[in-house]
Every structure is written in structure tokens, then in C-alpha cells.
Amino acid sequence: MKLRVTLVFLAVGCLARFTYISAAESNNRPIIGILAEDTVSPYGKTYISATYVKFLEQAGARVVPIRGNQSLEYYQMMVNFTNGILIPGGAVSFIKSAVGRSIRIVFELALELNRKGDYYPVWGTCMGFQALCYLVEGSNLLKPTDSSNVTWPLYFAPEAKKSRLFGSAPPDILRILATENVTQHEHSYSILTSDFESSTLSRFFTKLSTNKDRKGVEFVSSIEAKEYPIYGAQWHPEKNSFNWNPNYTINHDADAVKVGQYVANFFVSEARKSQHRFPSLKAEVLNLIQNFKRVYFTDGSFFEFYFIDPN
């Protein structure tokens, strides 16, 4: 007999119900939340880049937006209804912004769940990577680096061989990552390797890879938490397949696409280990990102955004 425990709680002014199902059941309908970021646009106040949505969808997940400036109860509800969180990159402050507050709350909720044995993965890309480091360290260790609009291979740390993220990767993926320019960097600040190793970060995270900027300054580029399914990449795995802005240095060849697909498959496979569910099919459908306005910009940028909170 399958054990089902149903919890009923009051959140955001409505009665909601969510069901935990036994870990023996396979979750083949994973839903991942992406945090919406602040913006100034005639289309809306917050947005999510479609590149992240497509990145997750290619691996068999669906996406719901996680809004900013919401109550604690809202974030508790969304975490309990989703199977993981992706914190995207973006040119916003992760310290003083609505998305910064959202990141902090969701990160703390994810930690609490994982400490209780409720598997809940978190992925941070670029700014998301930096935000995770800030929250763990409790201070901002970022230093200026010459690492914007460039594509590099990774310098794997010895620990990568036994890591969750790279330890089971096919040999050709590891070869591509280590020898080809397939990881796109779009950041002007980084966590220097020396600062990582001398800080709290090295006790919470395992350093999986580093890179050197154009001036030879070494920084940490891939991490995973030692005890929890929390991952960070200073580089952009989603751009190889889904960002076509000609002003960006992005590798779109077959090997680069394989890398992006591998990372997406990995994180979605982590999300499949979470047994969270929306209270009903109707609630699930109404929260999916397809309900929100998508705008494709024809100004040559090739940007495609979902606007979450209309003006």
C-alpha cells in the first residue's frame, strides 16, 4: 500500500492542499520554479528570460514563475508545490532588490526542507551563483574580474570526479567541458579561488571548477553543496542552445549544445527526486509560465522574455 499524507493549510487567503507521495513513486511531472527579476519595461515590472524556461523544458520539466515582493506564506506555498528552484542570472542586485529578498527566502526554505530529508534542489546561474555564495558567507566576497562576454573551457578541480554534478557525466561531456570553449561567462565580478578557500564557502560548498579571466585572475566557476542538492555555475549553460544575440560570444556548435543539454538533464533529474505536487491539476495549469505574456524583441537582440507582473 502506498502511504499518502495530506496536509491542509491556509496560505495567501485561500485554503490549499498538498500531498506528499512515497519516495518509491517516480515523479515524471517535475515542475521547477524560476525567480522573476525586477525590470523597467512597458510590458511589466518583472520578467523571466525564456532561455531558462526552454533550458528546463528540453529536459522534461515545466516551469512556474516565482514572483517578487510576496509574503512568506506565498513562498512557502510555491516551494511546497514545486520540485526545485532555478535562480537565474541578470543585471540586478541580489542584495537590495525584490528578487534578492525572494532568493533569500526561497534559499532558507530549501535548506529547511533538505535538513528535514525533503529533497529539494536549487540551481543558481551567474547572478544566482553569486547570490548563493553571498547567502552562505553572509557577506559579499565578489571582486572585479575581466570575464564578461567570453567563452572558456572549465579547469576541473580534483573533487569534480566524485561530485554529483560531474561525477557521472559521460566521458565525452567531461572532455568537451575541459578542452573546448563551451561555457559562456557574462560577469564582471567573481569569487576568487583564494577567497573561496579561506571563507565559509569552502565548508558549505565543494569547488568543482575554476577559470582564469583575461588577466589571469583565477575564480571559482562551478560548485555544489556538500550536504544538500544545491548547485551553482558562474557560467551560462542555457545560452549555448537558446541565446542568439550576435553581440554575445556564445558557442552554438554540437558539442556546446551537448553540454547545455547535459546540465539541464542533470538538474531536472534532481527535481524528479522531489515528490511535491500542486493541490490539483487546475492549480498546476493556472500557475504554469505559459499563462504569462511572452515578448520577442525584434531589435536585433533576439531577447525573448516572459513578463510576470504587468504594469
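Think of each number as a place in line: the chain as shown, counted from 1.
Note that Cβ sites are derived from N, Cα and C of the backbone, with glycine treated the same way.
Feature annotations, courtesy of TrEMBL:
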SIGNAL    1-23  signal peptide
ACT_SITE  Cys126  active site, nucleophile
ACT_SITE  His236  active site
ACT_SITE  His236  active site, proton donor
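If you take the Cα of His236 (active site) and the Cα of Cys126 (active site, nucleophile), they are about 7 angstrom apart, rounded to a whole number. Taken residue by residue with DSSP, His236 (active site) is part of a strand. For the recorded site, Cys126 (active site, nucleophile), the DSSP three-state label reads coil.
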